[in-house]
Structure formats: structure tokens, C-alpha cells
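Written below as C-alpha cells is the structure these notes are about.
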Amino acid sequence: MTERLTNLWPAPLAAQPLNATVTVPGSKSLSNRYLILAALGSKPVTLIGLLRSRDTDLMMGALEALGVRCDVDSATDTTVTVTPPVSGRFHGNVNVFCGLAGTVMRFVPGLALFADGPVNFDGDEQAYARPMKPVLDGLEQLGATVDYHGEVGRLPFTITPPATLPAAQAQVSIDSSGSSQFISGLLLISSKLPGGLHLAHTGEKTPSLPHIRMTVADVTGAGGAVEADESARTWTVEPRAMQLSSKVTVEPDLSNAAPFLGAALIAGGTVRVPHWPETTTQPGGLLPGYLEQMGAEVSFPTIGGVRYCEVTGDGTVRGLGTFDLTAAGEIAPSLAAILVFADKSTDMVGIGHLRGHETNRLEALVNEIRRVGGAAEELPDGLRIEPVPAETLHGAVMETYADHRMATFAAMLGLRIPDIEVINVATTRKTLPDFVGMWSGMLRQ
């Protein structure tokens, strides 16, 4: 074990079929995009239903270091008013701490282009392994200077803004194969460039394209003008003064709904999540369809004017054969937990980029599935999970690798496998500050 065997959390078994309603906090992806866009405007913006977790708190801390005010409502900490710097320029000669948050380390560096001095970036030691170079290469193409204080292309580093930004349309080419966040980080700030931006992705595949579409929709919603040519892998953004509406409500995090809705397939019974949007740019919006393919009954009832996603399972799980998860790789750990109990093998493909997430998620999933007696192996672009007899599965102390989705993965296995203990379940605070309470509450209902 690479983590200390302290504060082990015994994952609770599901003693009976579930019948639970679980309210999921706001979307991390949308919360951190809205925070960036609010900071790039000229007027205060109140964000309602903002996720409060380590990642969003790190984002607010980063913005405050740059001179942005983030005022938390005294009545509810999920309402935050963001006020950009009065001068219209971000503070330089400051330190930004990114923790292990990919959205912070890849979205905030772009703001340094508009700072009045150098900005230093650092993070958790584990963050030093996360790739950063494409977005930083993009900023260098825009005239910034990047000084690395460790390995090139990784934290820690200092960004010095250029004396002047390009007056003509900027031409930037990067290989974003490792993460869609490299493209999103540049698109978020592109409208503020004097001549706008023409951004080209030079890699063969574009990972997590729905996340890029989310960014495009959010930039457009703030007044930006983006022309996307996904087949050519290019995005052209006009220079515009962007401003979010004075009040913006954040959708629930549909990817964080995956462990709870997926629990209905593993344990049997029904789980409902309220405030499910009719349309969404979140990749987690694909989840209900995936669960249906695995054998769940899925419906979207409206109760008291609120739209729910309702998932019912009977404890049986259909394997999926070859299954392309390119569009929603972040829910791969939750789907993997369900597929451990499937009737046939599944090859989840299109998710090679998960090797560069909080941990190497493909390697971690294989390790932990094998740890409980399951059968799994890495593929060049994904993961194979094969069925095993139920009696082969057994309890274990499970690693989480400081990765929130590996912790929720372990909890899902614990619904059906006795004696699962989870190391550092507190890592779920990255996106679900009360995961343990929510999970226990689901089982008590």
C-alpha cells in the first residue's frame, strides 16, 4: 500500500434493494467554468448552486490571489458573488495554488496573460505528474514566457505576461490528446484577446469532446462568438467583451450522480436524482442511456414541478462488449464498478487519456478490480473487465490514489462485496464534500 492504513472507511453493504432519492451538488465542470468567465467580465455575477468542494474552493482561492472577489452568501455557501478587479487587470507577483485540480491548473494560467506581473503556479506533489505542456505551449504562442521550476511541461512554473498581446487574430496550435482541458483553458480566455483566436488541435483524436462543447456553450452564453469545426479540430473565436448574466444557476453534477444511480444496478432497487436537466452540455448526461444498456429501467418523472432521473435495477448487469466511452471518460470508474458484476466481458475503449487524470485511472482500476478477486486488464486505449463467479469476489483494503473517483468506485463495489475497506475516502471532498453522509443516507432510506 502506498497510502497510510489510517482512517479506513468500511464501505457499507446493501442489505436490501434501494429506494432512495439523492440530491447531488452542483457541477464541478460548470462551477469552475462559470467562476473563470465571471472573473473575465466587468460586472459582479452571482452564482447559485455552486459546488463547494476542494476543487471549487481552490478555484476561488486562485481567483482571489489574482484580485477577484468571491463573496460567499451568509445564508447559503453555495451562492457566491464574483466581482472582477476594478482595474480590469489581474494582479501579478502573486502565488496561485492549484492543489490537484485539473481545472485550476489548466484554466487559470490563461488569466495570467492579463495580469500586471508574473504569476507563480504550484500544487500538490501529486499534481507534478499531471501534464500541462499543451496549454502552456499555447500561452507561449500568445507571447507569454513560462519558466519551469521542475520538469518542463509540469508544475511548478511562473508565467510572465507579454508586454502587448497580438493585435491580429492569434494562431495557436496544440496537441490536446491528453486532455480536453487544454483546449477549454484557451477557449475560456480567447474572447479577451485583442484579435481573437484561431485554435487548432493537432492530435488525431479529441478526448472528452462534450467538455469542449460545454466550454463553447458557456463562452457563447457569456456573449462570446465561437465557430467550431470539430471535423477539422479547429475553433475560431472573435474578440468580444464577455459578461455572464447577473445571476447564473449551476446544474447538478451529473457525473457525480453516477455512483448513486449506478448503485441501483449493483444492489437492486430504485434511486432518483432530482433537478435532472432536459438538455445539458455535461458528459454525465449520457449516463442514463449507458445504464439502460446495462439492463436498468430508466425514466424521467416530474414530481412537484421537479424533473428526476429514476433508475431501477434488479441486481443483474449486462456486459457491453466493445463500448466506446470517448465522450464521457470521467464516469468510467463508476461504470467499471457496475461491470465487475456483469454477465459478460466489456472492453471500454476511447479512454486512454485517463492515464493522465488524478492518477493513472486505467492502471488503478485494474489493480483494484484484481484486488477484490475480479478480472481486468489494460488495453492500449482502455480497459477490459471480464466476469468472474460471485464467490471469487472478496473483501480487501482498497487504495484510492488520492483520486475521488477511485474512492466512489470502491464504495460501489462495497454494496455487494462484504468487508471492503477504503483508504482515504476523504479524497471525495474534491467534488463531493459529504460523500460518506450521502452514501450512508442512500442506504438508510
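Cβ atoms are placed via backbone N, Cα and C, with glycine included.
What you are looking at is a predicted structure, and each value in this text was computed from that prediction instead of being measured.
Sequence annotations record features per position, and here Swiss-Prot assigns active site, proton acceptor to E330. Summarising the environment of E330 (active site, proton acceptor), the number of other Cβ atoms within 10 Å of its Cβ, over all protein chains shown, is 23. Reduced to three states, the DSSP call for E330 (active site, proton acceptor) is helix.
Neighbour density for R33 (3-phosphoshikimate binding site): within 10 A of its CB lie 27 other CB atoms from the protein chains shown. The annotation 3-phosphoshikimate binding site is assigned in Swiss-Prot to K28, S29, R33, S179, S180, Q181, E330, H357 on the grounds of sequence analysis.
Feature annotation from Swiss-Prot assigns phosphoenolpyruvate binding site to K28, G102, R130, Q181, R361, R405, K430. The Cβ of Q181 (3-phosphoshikimate binding site) lies under 8 Å from the Cβ of G102, T103, R106, F107, V135, H211, each on the same chain and at least six residues away in sequence. Under DSSP, Q181 (3-phosphoshikimate binding site) is assigned to a helix (H, G or I) in the three-state scheme.
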Site of maximum Cβ density within 10 Å, from binding-site residues K28, R130, H357, R405: R405
Nonlocal neighbours by CB distance (under 8 Å) for R361 (phosphoenolpyruvate binding site), same chain, sequence gap 6 or more: A332, P333, L354, R355, D403, R405, M406
Number of other Cβ atoms within 10 Å of the Cβ of S180 (3-phosphoshikimate binding site) across all protein chains: 24
Where H357 (3-phosphoshikimate binding site) falls in three-state DSSP terms: coil
Most crowded position, judged by CB atoms within 10 A, among S29, S179 as binding-site residues: S29
